[in-house]
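Below: one structure, written as structure tokens.
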Amino acid sequence: MGHSAVLLSVALVILPACVTGGPVQRQQQHKLLLVSFDGFRWNYDQDVETPNLDSMAQEGVKARYMTPAFVTMTSPCHFTLVTGKYIENHGVVHNMFYNTTNKVRLPYHATLGIQRWWDNGSIPIWITAQRQGLKTGSFFYPGGNVTYQGEAVTMSRKEGVLHNYKNETEWRANVDTVMKWFTEEDVSLVTLYFGEPDSTGHKYGPESQERKDMVKQVDRTVGYLRDSIKRHHLTDSLNLIITSDHGMTTVNKKASDLVEFHKFPNFTFRDIEFELLDYGPNGMLIPKEGMLEKVYSVLKDAHPRLHVYKKEDFPKTFHYANNPRITSLLMYSDLGYVIHGRVNVQFNSGEHGFDNQDMDMKTIFRAVGPSFKAGLEVEPFESVHVYELMCQLLGIVPEPNDGHPGVLQPMLRSGSPLSRQHHLVVVLMGILTGLAKVV
């Protein structure tokens, strides 16, 4: 056996032991808090005074903006953050659970508790960290209160159906609880979710005074959070990331702007076996047997602002359609236009779900802590890379994912610790790549 073949054999023996997910011995790692403020558009801090977000950027890292995954919905984008996968690869393709066979469709809050919707093959960072010896927590974060391959998050809280997302007093109480998890329960990773400014942006629109006032509340909460970190003596041991799932745009409401299926010439719902419409700018359809070509030909030019595709023709750049849960026809509309189905039931002033390349869908990224450089502004990046960064901060070996560990590496101070196991996997993967070319 040649020298290269021997090295390859050794690498193949060692590598599986490094990625089995079992507990590993590591140096003391810093803790990590990931905070998401739902629907915080990338430029919401430009028309409102945000002293706490500003000071966080001065003391840490700020991205010009972050590009979310498509489709720009809450649950799919949040799951991308904790799996590092594009939505077609992690399978949480919509805010709503749906079953195309029995026609069941469940709203967002009910879907949060549907285990099989989330546990469909991808392992989120909570479970990966726990399998490598850490405790984790999820406070209201989408996907954090179900089990994955039978394993639950160490500490978790889920909001109720009628939860008031605007209560600032409760926000502070939630921060207090998370601080206790870190200090009293020795949790290493927590994901903390706030439903604003998304709810306010939907109701009043992203350019409204109400949205601006809510951003001020968000900023006050960031200040309270950072003060809490200091009070609990976590400044030197806790890395903090503040981000979001997507942005928000103003809905066009003139009669000439409406995308209304029930008014399309030659279209009839009698040709449709399953529909998922009336959810912002996104839609899915399954025509009845033998009707696919007819329905497609009617819809593809039905409205200049509507883009209808057969599943196999959906733009690959979205990384969305290649999943068994995606229907035979799917569609999205241009920025500001929402899709109405049988009747008009959407009356939001603000909406998301649009093309993730539209600037109004971009969102924020801030980070501060012992592992991050100070006063650094980085170029825009995709949210799919955040998972690799978090694994690196925790010193854990990531699951297979679509991100790249080098993209966000420049944010980190030189000498920020990687676990030995993480280093070994990177080295061995390099060996395997090189040797595969010569063996």
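Start at 1 and count along the chain as shown; that gives each residue its number.
Every residue, even glycine, has its Cβ placed from backbone N, Cα and C.
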Same-site Zn(2+) 1 binder from Asp38, Asp119, Asp278, Asp301, given that Swiss-Prot records Thr74, Asp245, His246: Asp38
Site co-member for Zn(2+) 2 according to Swiss-Prot, given Asp198, His202, out of His78, His340, His352: His352
Where Swiss-Prot places region 'Required for enzyme activity' among the ranges 71-77, 134-140, 253-259: 71-77
Inter-residue Cα distance where the pair is His352 (Zn(2+) 2 binding site) and Thr74 (Zn(2+) 1 binding site), in Å: 9
Same-chain residues at least 6 beyond the ends of the region 'Required for enzyme activity' (71-77) whose Cβ lies under 8 Å from its Cβ atoms: 38-39, 87, 90, 92-95, 108, 111-112, 142-143, 198, 245-247, 280, 282, 318, 320, 332, 352-356, 361, 383
Asn120 (N-linked glycosylation site) and Asp198 (Zn(2+) 2 binding site), Cα-Cα, nearest whole angstrom: 27
Asn266 (N-linked glycosylation site) CB neighbourhood, other CB atoms within 10 A: 11
Mean per-residue pLDDT computed across the topological domain 'Extracellular' (22-422): 96
